[in-house]
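> The following block contains the structure, expressed as structure tokens.
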Amino acid sequence: MSHNLTGIAASPGYAIAPIVTLKPARPAPLREHVADPRAEQARFAAAIEQSRTELEQIRQLTEQRLGAEKAEIFEGHLMLLEDPELIDATNDKIAEEAVNAEYALREVAGTFIAMLESMDNELLRERAVDIRDIASRVTSHLLGEPHQDLSTLAETCIIVAEDLTPSDTAQLNLEAVQGFVTVVGSRTSHSAIMARSLDVPAIVGIGESLLGLPTGTLVVMDALEGRVIVNPTDEELAEYGTRKQRYDERKTTLTRLKEQPTASLDGARVELAANIGRVEDVAKALVNGAEGIGLFRTEFLYMGRDSLPSEEEQMNSYRVVLEKMEGKPVVIRTLDIGGDKELPYLNLPKESNPFLGLRALRFCLKREDLFRTQLRALLRASRFGNLKIMFPMIAVLDELLEAKRVLAEERAKLEAEGVELGAHIEVGMMIEVPSAAVAADLFAKEVDFFSIGTNDLIQYTMAADRMNESVAYLYQPCHPTILRLVNMVIRAAEREGKWVGMCGEMAGDPSAVPLLLGLGLHEFSMSAGSVLPTRELIAGLSKHEWSRLAEQALTMRSQEDVLQFVQHQLKGAN
Amino acid sequence: MLTQTFTVINPTGFHVRPAKTFVQAANGFPCKVTLLNKGKKANGKSSIGLLTLGIAQHDEVTLEIDGEQEEQAMEALGALLTQMYE
């Protein structure tokens, strides 16, 4: 009979193999009196030296296998070997208490491990692992017991352990090791991060029961769900064998797509960008092959705190995103609060219809001080990359002109101050209010680009609150009405030689993408995880053909008709 | 002695890599470098010390610098605190 264990899926994939259980941590060293503390310090120094040599080798191995960035972990470890708080303090303890080095090191390291483990911040808690790793390495040398070497494992296996240190993970022989499962850990453990960059399936935090399994037990790892099937049945083996094969093939395809620009079957190029809400999301956008950032929501800078962010702080955040994107386009949207996003510290009056109230640009034009701070921060960051500034929630032309006037004033002020600015900063607006879509021809003369925010555009066009379950049926991205609005916007922009993007959920919706390609959308911005599947989809579509089909969709009577038509055409193509 | 306060923008606060960068920079100066955060104090030349301060995003961290080259150190290390990202 098989049984299941569940933990945290730390690195995706499937593996099927017998397990190898790593030996548990050695017992804590006992306190022993030493007659000659100087000699003990010398013994400690020798163990540090040996650890240094060993770590230097691991660092080099990691650099070769995973690149300089991952190898930095071990530079951190090498630094710990010189850290005054750890090494000097251990030496002092040896001298003052005339105790053995193993014990002194354990006591000193233990204090820091306990301090770090009690922290609120998960990332800092995880750093206790580094100190444990280094202390254990030095202790092995003091005891003359070599560290277990995982690079020599030769048989196909899944590693089972209490925890894997970063150095263990970096040394795994991936010819043999199909994946690993640990008793403790979280998604942000070093071992989890390493597993993702090594691209090896990993499940962590599965609990003590794991260690009861003898070496050689056959298991199935489903590291998408975080499940381990112990002693799988024949049916389970067959089922997961197929899943693994399918998953691995799919991964190969997506990896290949990552390196390619987005192009349709007939060679038309479009840009696939990612929506981000925090600076650290850039990494995910890049990993998923995004060709730009189509929407950077700046609200995060203002939320979860009790005062407004300074110009300097904002500038630094924008700068990091621009630098990380290395010249790829980055559309940054100015503050969009109100609606369902509140800032308690601004003490704004309650509104009975917040989605129709003082939100986004409407609010910024009322609170010009706050708007100007953000614009200055954006302008100052502009020289670090390819910045495009976007205003949200514009209903009438006067709002756009007013926003542009404030921007021009701040720009002139900065130039007078001698601040270096980016060469060409495009200025655009969101199309999310129906009035702006209908009058897109007027707006197109005044902007460099449009980005259609479909979530709001649909809710305002259908007059249906998207949070309200009872009217959720009206949320219909592919309804001909919405397609007509999108079409109007693209045609209006085309006449003025401007580009149009889309940054709502619709841009990554596989049923909508063929139609949007056909209507001539230039940029599709979506959650990072949708970029590669969308690139794959577009590669199989003829833009020429879909421009004809999209024309037809505009005249249909319902979203259902459109969706059926799209599905039928997609099937017909295959 | 010089004292100045900085806001940390690094979303992950101050974990191994930023701490390492900071300690390496601090070791380049002869003066004494001390960091204070939320009532805790640490040697700016020890990465363990920095980690135990538990510095998180938006924290206001005070840098105390005492000794030779303190002005250059304040400029270089202050910039690291505000700009460092990773």
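Cβ from N, Cα, C; glycine included.
All annotation found in TrEMBL is predicted automatically rather than curated by experts.
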> Please pick, from A:Arg297, A:Arg372, A:Arg376, A:Arg411, the residue that TrEMBL records in the phosphoenolpyruvate site together with A:Arg333, A:Asn455, A:Asp456, A:Arg466.
A:Arg297
> Which of the recorded positions A:His190, A:Glu432, A:Cys503 has its Cα closest in space to the Cα of A:Arg466 (phosphoenolpyruvate binding site)?
A:Glu432
> For each of A:Arg333, A:Arg466, count the other CB atoms within 10 A of its CB; which of these binding-site residues has the top count?
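Per the Cβ count, the most surrounded site is A:Arg333.
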> Going by C-alpha positions, which of the recorded positions (A:His190, A:Glu432, A:Cys503) is nearest A:Arg297 (phosphoenolpyruvate binding site)?
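Nearest in space to A:Arg297 (phosphoenolpyruvate binding site), counting only the recorded positions, is A:Cys503.
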> Just to verify a number: CA distance, A:Asn455 (phosphoenolpyruvate binding site) to A:His190 (active site, tele-phosphohistidine intermediate), in angstrom, no decimals.
37
> Which value in Å gives the longest Cα to Cα span across the phosphoenolpyruvate site residues A:Arg297, A:Arg333, A:Asn455, A:Asp456, A:Arg466 as recorded?
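About 22 Å separates the two most distant Cα atoms.
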> Tell me the Cα distance separating A:His190 (active site, tele-phosphohistidine intermediate) from A:Asp456 (phosphoenolpyruvate binding site), rounded to the nearest angstrom.
40
